Amino acid sequence: MNQDTQSANTQQEKKIAYNFNKLQKRLRRNVGNAIADFNMIEDGDKVMVCLSGGKDSYTLLDILLNLKLSAPIHFDIVAVNLDQKQPGFPEHTLPEYLESIGVEYKIVEENTYGIVKEKIPEGKTTCSLCSRLRRGILYRTATELGATKIALGHHRDDMLETLFLNMFYGGKLKSMPPKLISDDGKQIVIRPLAYCKEKDIEKYSQAKQFPIIPCNLCGSQPNLQRQVVKEMLQTWDRQYPGRIETMFSAMQNITLSHLCDPSLFDFKGLKLGQVLDGVEGDIAFDKAEIPNQPLIQDEDEQTTDYGENGMIQFKQVQ
């Protein structure tokens, strides 16, 4: 190898390392902001990270472990995988990976695959029943482990897809919450990747070479409605840069008095002479001030924060 080739290789290696560090910093910042904005993790928490073997949950675990090293609070992490006894599931993959990084983990074995195959006709989407079964098992496991928070790997794009799915097919203005409490009040579920782009997670997963487990082992048909919405958003992202960022920002800037749900705003109770603090009544007659350009964020030069006041409260990233 001549000197010019060595120099070119060195430059390429430096560029790859630089881009990876920038990507990791961006993910850490977004996760830290989400944790701070929604008070996802508190001092003394035991966080149960649900690990499926896909890119999202691997990235979630990796970033949380990274933040834990220098967070201003103490919290513990335990990774949990549900082995649903799907044919061809590589049982050795996750234990080997988790042991290699030295994280506490538990593999829960439940034959939900058999239950789903028995209940759902061949060729139909099994995701709904499978999800309900998984939820119950994971709630039970969290209680057994003494976990105070259950962390899932849903990201910004998942939340937007769910918003449009509910609007298009369910007639509801509803998405995935970044933090929720179970119906019985015993479990708190958090989504620390709420501010993270799927494209960033894909790049990070490839760079880290996580041992990905395919998500189609169950043989279920894909959710066609979700796939349609996903492709729609991807098309918008290509054709109208910044639209995705603007839509996600809209989910955090809601004016209830300008929607139509009487259970959330007392339209019937409005009377002459009232002055309502924080209600933008007068602007109903004004022309809406809409920026000429959406919130544009280059995927490799992201500077805009979704976090509250743009501040990183959970973890200052250098």
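Using the three backbone atoms N, Cα and C, a Cβ is placed for every residue, glycine included.
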Range among 10-15, 52-57, 82-87 that Swiss-Prot annotates as motif 'PP-loop motif': 52-57
Cβ packing number for Cys127 ([4Fe-4S] cluster binding site), 10 Å threshold: 16
Structural state census, the motif 'PP-loop motif' (52-57) (DSSP three-state): 3 helix, 0 strand, 3 coil
Other C-beta atoms that fall within 10 angstroms of the C-beta of Cys130 ([4Fe-4S] cluster binding site): 20
